[in-house]
Amino acid sequence: MSLDLALDVQYATASDYLPSEEQFSLWVKTAIGNSMEQAELTIRIVDARESQMLNSTYRGKDKPTNVLSFPFEAPPEIELPLLGDLVICAAVVENEAREQDKILEAHWAHMVVHGCLHLLGYDHIEDEEAEEMESLETQLIESLGFTDPYKEQ
């Protein structure tokens with residue numbers, strides 16, 4: 001079974017390197033895997049100002065962040081393939097990759113996989129949940145040909 005994906009990528013900022021829609025599509029399909037037959041998802045690439053505003057509004061943290069996940073929650077009687085939205089801050093992803101000595105493309109892939117897992121209901125608030133989510137992220141990222149994102153460089 002292959003995922004029927006309707007992906008809308010919105011580039012709301014410019015940068016030296018932004019992944020292509022094809023890369024985003026591959027990363028989303030890898031993260032979602034066989035958990036859904038159809039999925040609709042928006043990925044919005046933003047600057048630090050927009051990320052900070054959204055992070056402040058929805059999480060109470062007045063600073064930009066790497067990825068925000070906004071799951072779509074339909075009433076139980078309505079079945080829709082709408083998974084939700086990811087908002088990714090290009091500047092934060094670039095800074096983190098540089099500071100953590102990670103390959104920029106690998107860090108982008110990790111942020112997309114991480115965000116998609118949140119949209120699928122995974123979380124990392126409790127230690128046990130965090131271990132499960134990180135283990136799955138590592139498997140998915142390694143399946144894309146990148147190294148373990150949680151391994152110390």
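Backbone N, Cα and C define each Cβ position, glycine as well.
Marked as Zn(2+) binding site by Swiss-Prot: HIS114, HIS118, HIS124.
Here the features listed in Swiss-Prot are painted onto the structure.
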residue	record	Cβ within 10 Å
HIS114	Zn(2+) binding site	24
HIS118	Zn(2+) binding site	19
HIS124	Zn(2+) binding site	16
Residues flanking the Zn(2+) site, with Cβ no more than 8 Å from the Cβ centroid of HIS114, HIS118, HIS124 and excluding those residues themselves: VAL67, SER69, GLY115, LEU117, TYR122, ASP123, MET133, GLU137
